[in-house]
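Peer 1: Here it is, the structure in full.
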Amino acid sequence: MRVVYRRAWYFLSFGAPGLLIYVCFVLVPILLSVGYSMTNYSLLRPGWTWVGLRNYELLLTDQAFLTSLRVTTILTVMVLVAPNLLGLAIAVLLDRRGWFYNAMRSVYFTPMVLSSVVVSVIWTRVLDDEGPLNQALRFLGVADPPGWLSDPDYALFSLGGIVSWQMLGFCVVVYLAGLQGVPNELAEAASIDGAGPWTRFRRITWPLLAPALTVNTVVLLITTFKIFDHVKVITNGGPGTGTTATVAFTIMQEGFVENHQGYASAMAVVMLVIIAVASVVALRVLQRREVQL
Amino acid sequence: MRRPLVTLAVTSVFFVPLYVALVNVVKPSALIPGAGAIALPIPPTLDNLSAVLTDPTNLFWASLANSVIVTTLSVIALTLLSAMLAHYLARTAGRWGRLITVLLLCGLMIPPQVILVPITQVLRAFGLMTTVQGLVLFNVGYYIPFGVFVFTGFLKGIPADLEEAAAIDGAGRGQAFWRIVFPLLRPATASVLIFLSVWIWNDFLSPLIILGPGQGTTVTTGIYRSLGQYSFDYGGVFALMFLSTLPVLIFYLALQKQFVKGLTGGATKG
């Protein structure tokens, strides 16, 4: 009896406080989201009716929602590829000792502590139609440089570039740590056996960086999927109709601007399912690669 | 010999936006639009900074106070609660412990947008919507999986015998934890403190929704509001951004080593 009492007290004092807040502010809201998604709940109207799966049916033909899925997919693919590739290249470049390389590293790390709002405002100036980038392009002889943020054909790609810039530092840190874990003896031995730099990278360094690739890819995936701040500050979903409206942005728009809380919840549930499946699949595939070594 | 030059060239390109962020703080607003964003600030001026610091609407100081309060309270509560919860999970074998761990792990990937609509209802039910306390509670719930995740990994390396020995000497479980185990968790505590401070300080969406337009701003929502308020005063916006980032930048420069160590903990374990 004393043991049971002590275990209960241990749970109540150590486990329960944190868990209770987590349950109230994360688990219950998720269940509420699922519940709301089957109603026509709106803050503008008292009461609500049960509508079953009607919201989900509407989503299937909702152009705005389908566009937001497309926008999010394009953004995610861009941000999965660019910071991973450039981050690896820069990490290889920076993988040397000394004050110079330390200083260079700090430059890449700085955007990690900047708020997305700050990053967004800076880039709005840089990519302005008459901004520094376009002036530089004109100087280089491009007669009619694109409106990076004002042209519907370019805005999404500019957004991808901005997010990639901000995430690059993270990938550099993680790859640098991975590179420092690659034993020099291996490269030297391969060198003696006549392997050139590319072969050494391809056969030794790259396979040993598998855990770093896993971390980067999963973090980039989860981060990009919920991109909201940059869209809100830079483009507000435009230019044109929803050309840069991500799923996360569209949910907030439906839930807090249009006040369609029920419908927004249905979108949220779909988003949750997609991100859960995507991260589990990514983790499985990438970790299998690690195990095979 | 080519490596330093290539490194310098690539890094300079990457640095351009950071240069823009710095240089426009001391440039007269009228010179910032268009290509002026990249020009050298000649002559430099402190007008932007002093205008923000003495702004009659008090946007900067009020936002700073809110951010300091929200970040400090959230991070202290998160560190204590997640260390205790992690201890409970690390010392509780069996299905019950595993179930809680899995539930918490799910929380690591949940986008805030998925839960914000119902969160506003939950907070309204408690009478905490548009309050600082509400925002702090949301932060604690949302980030506790991260804290638990970091602490649990660390706690596994600390033998339970240590606490049992203390218990024989007559210390209660709480005493044994705070006096003996918690000090040993210092590297994990550092990671949790650093990351959560930066994330919560920089968070934009939850203060935007939970504090709402009426109840003051944090630094991020303050900058967002200033975009409308000072729409052509770019110098003011850049000065506000600089001052709002300064605390977190100093924090980061001081703790850069731990910051990088914390980031790479998961990546190097093969």
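Backbone N, Cα and C define each Cβ position, glycine as well.
Per TrEMBL, the feature transmembrane segment maps to A:9-36, A:74-94, A:106-124, A:154-177, A:208-228, A:262-286. According to TrEMBL, the feature domain 'ABC transmembrane type-1' maps to A:69-282.
Describe each of these features in terms of where it is and what it packs against.
Peer 2: Within the same chain, residues 261-262, 265, 268-269, 272 sit at least 6 positions outside the transmembrane segment (A:9-36) and bring their C-beta atoms closer than 8 Å to a C-beta of that stretch.
Within its own chain, the transmembrane segment (A:106-124) is flanked in space by residues 90, 94, 149, 158, 162, 165-166, 168-170, 172-173, 229-230, 233-234, which lie at least six positions past its ends and keep a Cβ under 8 Å from the stretch.
Outside the transmembrane segment (A:154-177), and at least 6 residues removed from its termini, the chain residues within Cβ reach (under 8 Å) are 71, 74-75, 78-79, 82-84, 86-88, 90-92, 94-95, 105, 108-112, 114, 116, 119-120, 123, 127, 146-148, 209, 212, 215-216, 219-220, 223-224, 227, 230-231, 234-235, 238-239, 243-244.
Residues 72, 75-76, 79-80, 83-84, 87-88, 159, 163, 167, 170-171, 174-175, 177-179, 181-182, 246-249, 252, 271, 274-275, 278-279, 282-283, 286-287, 289-290, 293 of the same chain lie 6+ residues outside the transmembrane segment (A:208-228) yet bring a C-beta within less than 8 angstroms of a C-beta in it.
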